[in-house]
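Before any comments, here is the structure.
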Amino acid sequence: MSSDATARKRALDPTRSFIVQAPAGSGKTELLTQRYLRLLTTVEHPEQILAITFTRKAAAEMRNRILLSIEAAGGPQPESAHKLATWELARAVRAADIERNWKLAEHPSRLRIQTIDALNSTLARRLPILAGTGSALEPAEDPWPLYETAARRLIERLGEGSSIADHLESLIVHLGNRTDLLADLLCELMAKRDQWLHQIVSAGAHDDLRAVLELTLQNVIKRHLTTLCGLLNDVRRREYWDLAVFAASNLRDVAGVNEEKRLLLDACSNALASPNAQSDTIDAWLALASVFLKRDGSPYQTVTKKSGFPTTHPQQKEQMLGVLAELAQDAELIGQLGALRNLPRPTYSSEQWAILEALLAVLPVAVAELQIVFQSQGQADYIEAALRALQALGSSDEPTDLALAFDYRLQHLLVDEFQDTSFGQLDLLERLTAGWTEGDGRTLFCVGDPMQSIYRFRQAEVGLFLQLQRQGLRNVRLEPLQLTSNFRSTRPIIEWVNRVFPGVLSPTDNAEQGAVRYSPSVAALPSTRGGVKVHPSFDKDELAEARQVVKLVRKSLAEDPDTTVAVLVTARSHVGLIASQLHAASIDFQAIEIEALLDRPVVQDLTALTRALVHLADRTSWLAVLRAPWCGLTLNDLHAIVGNNRSSTVNELLARALESADTLSNEGCERITRVHAILQAALAQRGRLSLRDWVERTWNALGGPATLHRPQDLDDADAYLRRLDNIEIAGDLDDAARLEEQLDRLFARPRPENRARVEVMTIHKSKGLEYDVVILPALDRLLRGESRELMRWTRIPGREGGIVFAPIKAAGADSDPMYRWIELLERERSARERGRLLYVAATRAKRVLHLLGRVRVKETEEGAELREPLNGSMLRLLWPEVKSHFESSVQTKPQQDLFASAPTPSLRVRRLPLQWQQPTADASVTAKTVNLSDLEAQIEFDWASQTARHIGTLVHRELDRLVRAGVERATPSPNRARLCAELAELGVPPDRCDAAAERVVAAMAQTLADDRGRWLLGLSSSLREAESELALSGVFDGEIVSGVIDRTFVDEHGVRWIVDFKTGSHEGGGLEQFLADEVRRYRDQLLRYARLMKLFRPEQPVRAALYFPLMKQWREVQVS
């Protein structure tokens, strides 16, 4: 029996509400599954239970677990006690399923398990008028251009002579007349408006907004001073204060006392009694702290006349030295006194308030502009869906009809990963449960682990978990439960984590600081294999560490052929050398959103080629084209061509260089001759092709594909060209910088596509995963700091909490103290989260954890002296534990190795052979090309109109957008204007566009309402290698065959499916005959698709089917 068996059993009580703290490896998902199964036996309809997760992957995993458990309950009873509990619960669900005619196997979508984003979309669509949506808005793949448009529209109001224009002018002057900076900072704030909008609007409802905000500031100060008063009782405080007043009286005439200290000491003279916990005594407390602490926050070790204790008063000096000796032993008191200097002032200055007032007036108008942009574009970000969902539900005191209807249907609510909840999401939960009363049978079940709260950049507030553990959720009382068993890691790893992390995390919980204390785990597995291994490094060369990682990976794979290995990094920038060394070592690995597309050499070359073609004066890009591997000019030849000539384009200089080739090397001349001819031919095609075709044809002619070495390079090139296709305007590039911004947000596609034995990812991406071996490199590296914002804000938890706003400092001015206080508070919260991030990384390991870090070594006469790791690094957090490993390692390492400089990497030009030529087609391949899309077009032309074909094309496109955007349950309501515009582009006559758009919407709605449709889109199960509109080409029977497959994926059984969507309908009788005719009609086409797929995946079994969304019909077609 596990150490927490009682808590696990109690968590299944369907009449009570719980908040469960479940540390890493404690079986949280299994407990959620069991709770859900238990609740299913108590309700009349499955829809009365709602489970909320934060990712689609988690939602799919939970749904699959429940369905598989129900299926397994039809089989024999399992032997293990662990599986038996789930089996018995699922068996009861099977009985309820039959008794109440639920048919869950046929209708798995009745299980309401969805992400919080999907729930927001559902709520906003259910009440579009009240939610302000009008027609539904689609999720924007990249909302930043929408923010930029809204910011530009707002700034354009400068000259309209309104109060908003006056406020805008004040902000621009405050920023040094930088309108561009104002626009950028406004975009940053719009991307976080869910954090401040409600507070600004509600705060604006107060008659005296300034007084409300300042009351929060005063409560912050009061809370800190109350803690101080608890550390200094009345007697000690009186003693400290008397000494401070004595020092102040002696410092007035002392030369060399700085003005700041003189002003603070004035507070000692003016105060009538020792300071207390009231905020108006903050100056006296600051004066007291300045007497006892240096500027760095450490206590004085001695006192002199300059510190207010002359030799003429030996008694007071002796008393002061005694107090200082006592203070030096009280680290908590030192910290609290030192923190006084970082506290905000209890009131805003007139200058602060003037700028803040302008901000609070302008920001709601910026949001209004953004909503206009959303409506005109038919797109919105996920934040908008969340805000409109709250609006659709109304307030807790005044719920809407939708909220009341939702409240009536909802009996049980489960929330996974609750430690990552934001204030906005908590608000949603409060509104969903606003009508609940004690004893009405409805329950809330929150599960998570505050030690794994690592998503502050997504506004996760770990303090909310701590708050609900203590107070519950408004009118829902939550009983706290604690799990302790760890079913993942071996005993040595668990013991190491239990020993180390009480020091890494906080000794106490503190919601305001985002601090969480460590909760130990108990090993549930008997294995004692493996453990934690430290690999010290003193090299300045990062390449050495990357090679060490490769060595550890190889060793792990050699020891156990079935082992799984993860290399986890804190930031994507830390993985470049590691990835390149793994490639060089021919180790297959999967990089999960880790390698930016723009960092791949093939994409860099294509970007340079694109910019050179569209902008002849882009000198850097033209030189990059000549340096790229299809040309590969040496630096000498490049200099010979360009020299110091700045008045001519590189293209013109190329022509001149060829006319007088004596300045070039012979090889350089040959290379330029070939490349220049291709580029001139390409420039002659300007405006005649789409931008993608123009760039792709030029790249092919230059020999770009021949310079690639890995299959994934072609995938990266294709991803780049598809992005180019999306952003071009009439065959041109409107903004080259915008292209690179978009590419910077895209990631190279991971290879292999199936889960590899070696994976490389950020620690954030590893959350919820587990591996036999985990390698943590670059522990000495620092994370990037936060950028400055137009306005900072912080929410103070607790009953006397609230929100505080602080404006950015004026251009050229000193740091704003209020802004600085919030900045320091956020920095403290980030530091606390860094410890939790390390905990997440360490607890991914099942058997072995490798720690890699580098420290600097100082050469002294006695030998090598270790420097401590930098503050803010994970290695610094681990230093008390790992320092001895570094000390023993530095003693055994040769001195010349410790102080050797990093080797300079040799530069080698990648380029095609001089005699390279375009490859010719295989002689066995005939010139005849079979295009399966043309074959389908002939069939469609015979049996349906051209309009129906275009409807089908758009349905495929829209469903693909929905899948990529993450829509899970809601019936889609796309923007009709956009659909009509796209149909017109496809060739649908204007008078038929409205009806065609309705048909598109109907097909999408039917697909999402159909269990089979949701399955093939991957919304109700986990599919692999899923693609929509997949273009393939191959050769068989001596012919080039190409086609576009509507939908293909690999199901949970490893079967490759090829699905063709048919958007036709059938009226009247004879449906089965109609469907049989369609199967016969399209069999040849699907057979060719299957043969084509077999060329690429010969080992996979292939099945094919036709899907008719408007009729919710599915027919498999035999292709084997």
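Just so it is clear, glycine is given a Cβ too, placed from its N, Cα and C backbone atoms.
According to TrEMBL, the protein carries these features:
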type: BINDING; residues: ALA22, PRO23, ALA24, GLY25, SER26, GLY27, LYS28, THR29; note: ATP binding site
type: DOMAIN; residues: 1-490; note: domain 'UvrD-like helicase ATP-binding'
type: DOMAIN; residues: 502-768; note: domain 'UvrD-like helicase C-terminal'
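Sequence features, as recorded in TrEMBL, placed on the structure.
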| residue | record | Cβ contacts under 8 Å, 6 or more apart |
| --- | --- | --- |
| ALA22 | ATP binding site | LYS28, LEU31, VAL447, GLY448, ASP449, LEU483 |
| PRO23 | ATP binding site | ASP449, MET451, GLN452, LEU483, THR484, ASN486, SER519, SER521, THR843 |
| ALA24 | ATP binding site | ASP449, MET451, GLN452, ASN486, ARG488, SER521, TYR839, VAL840, THR843, ARG844 |
| GLY25 | ATP binding site | ASN486, PHE487, ARG488, SER489, SER521, GLU770, THR843 |
| SER26 | ATP binding site | ASP4, ASP449, LEU483, THR484, SER485, ASN486, PHE487, SER521 |
| GLY27 | ATP binding site | LEU483, SER485, PHE487 |
| THR29 | ATP binding site | ALA58, GLU61, MET62, ARG65, ASP416 |
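Neighbour count (other Cβ atoms within 10 Å of the Cβ, all protein chains): 21 for LYS28 (ATP binding site). Each of LEU31, ASP449, LEU483, ASN486, PHE487, ARG488 belongs to the same chain as ALA22, PRO23, ALA24, GLY25, SER26, GLY27, LYS28, THR29, is absent from that list, and has a C-beta within 8 angstroms of the C-beta centroid marking the ATP site.
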